[in-house]
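Asks: Residues or ranges marked as active site, nucleophile by TrEMBL: Cys358. Feature annotation from TrEMBL assigns S-adenosyl-L-methionine binding site to Cys225, Ala226, Ala227, Pro228, Gly229, Asn230, Lys231, Asp249, Asp276, Asp308. For 128-429, the entry in TrEMBL reads domain 'SAM-dependent MTase RsmB/NOP-type'.
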Amino acid sequence: MDSFFHHIYDDGDEIFQLEFDLTWLCTAPSITTYRVNLLQTTTECYKDYVENLLKGRYKNSPKIYTLNDLPEVLCIGSVPTPETLKPSVKEQREIIVDGCCGAAVLRGAHIYAVGVLAMESGTKLHDIVNVYADLTGKCKKGTNIRFDSDKKVYLGQGRVLMQRYQLFGASGAKTGIAVEMLNTVSGVPSIGDLSSAKALLQNLPSIVCVRVLNPQKNEIILDMCAAPGNKTTHIAELMQDKGLILALDKTVNRIALIEEKIKKYKFNSINVYAYDATKSFDGKLNSETANDIKPPFKAETFDRILLDAPCSGLGNRPILVVKTTAKMLDSYPRIQRKLINNAVALLKPGGCLVYSTCSITTSENEEIVAWALAQHSDLELEEAVPIMGSRALPCQGLTEGQRDMLQRFSPDTKKFDTVGFFIAKFVKKPI
């Protein structure tokens, strides 16, 4: 297991420094979480459904439990896995996937047709195969011989549901599951994505983030970078679909993901716009010139704003391939500061702004908070409750008390082994 987790591969030209051991980033979180839609069902009912599914799949089912502070959350623990789970006999065929698909497999996903890079000739339907991830990007799509590389890592075993001609034929790959995973080195249950109108597969910190925002019925709320809409729909659930949520994202394709969820959940409180949130504030607008609430917005329009900012993603465990260079990493704080400037202008006095990222770097988190407090004298921190993570890291411009008000999910978060994440809650001082 240790050797596997040290196989992280960097194909960028520059190496950047992180505050943590990369080993943690290479491992999959040990808990899987679903956010239950309490407008559709109860957590207990959904728990019964998942328990029955797992009992039919595993002799020793993983622990399934709820959280008192987050009544909509259902947690699924890991499956007991031998510490030295290794590839079985050499005679077994091998399947190769890329690093992105490999990360999903370690989080409990099956392998869809589009994700298969290589399948050895002679592989038969229902064969048990060894599954590897190619971290070099050198395995060519459709390879029919064993791919040899010291940069391929073992993921686990799966059962073949599609053959080579179905995956790589002239008509193109079929849709659907090509390999059903039976076990993985991560121990995360291989049950795929059970998301439906009743529950959504979502990382724990992302759920906490919206609870920190604490949306109330009949408020006007802005979700600045909303796609794919998981947090947007959570806001609507907590508001009981009463109020107005404006959801923005830059690209039409990503907006379609939000609209799909709105349709599935039958929400009426969400309006979606393809719009660049760094330009969402227009200082020329006022009450006389802007009657409709659509982008760009006039000052002090919103009761609460969620800014789940574009970031490096250096918290999305497991990271098997690092493509982020130092130059790319430096670009994110510039965008994040622009977004905060717009958010502060759009927030009503007394309103709440929640800033979050799925990165563990201080440059995108603590340093952004310190900058925001120095730049905007009308902002102050409020404790980001419910606190489920660890306190913030030391940072110039932040006091010890302010560090306690922030929360980050990182290697020192002992209570929950989840993805890397950061949450800050600002309040705009009343006039």
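Keep in mind that glycine also has a Cβ here, set from the backbone N, Cα and C atoms.
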Asks: In sequence order, which same-chain residues at least six apart have a C-beta under 8 angstroms from Lys231 (S-adenosyl-L-methionine binding site)?
Replies: Ser206, Cys209, Val210, Asp223, Leu306, Asp308
Asks: What's the CA-CA gap between Ala227 (S-adenosyl-L-methionine binding site) and Cys358 (active site, nucleophile) in angstrom, rounded?
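Replies: Cα to Cα, Ala227 (S-adenosyl-L-methionine binding site) and Cys358 (active site, nucleophile) are separated by 14 Å.
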Asks: Given Cys358 (active site, nucleophile) and Asp276 (S-adenosyl-L-methionine binding site), what distance in Å do their CA atoms have, once rounded to a whole number?
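Replies: Per the Cα atoms, Cys358 (active site, nucleophile) and Asp276 (S-adenosyl-L-methionine binding site) stand 20 Å apart.
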Asks: I'm checking region-level scores; what's the whole-number mean pLDDT for the domain 'SAM-dependent MTase RsmB/NOP-type' (128-429)?
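Replies: For the domain 'SAM-dependent MTase RsmB/NOP-type' (128-429), the model's average pLDDT rounds to 94.
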Asks: Once the chains shown are all counted, how many other Cβ atoms turn up within 10 Å of the Cβ of Asp276 (S-adenosyl-L-methionine binding site)?
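Replies: A count of 16.
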Asks: In sequence order, what residues of the same chain, 6+ apart, have a Cβ less than 8 Å from the Cβ of Cys225 (S-adenosyl-L-methionine binding site)?
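Replies: Once residues fewer than 6 apart are set aside, Cys225 (S-adenosyl-L-methionine binding site) is near Leu248, Asp249, Ala277, Leu307, Asp308, Ala309, Pro310, Leu339.
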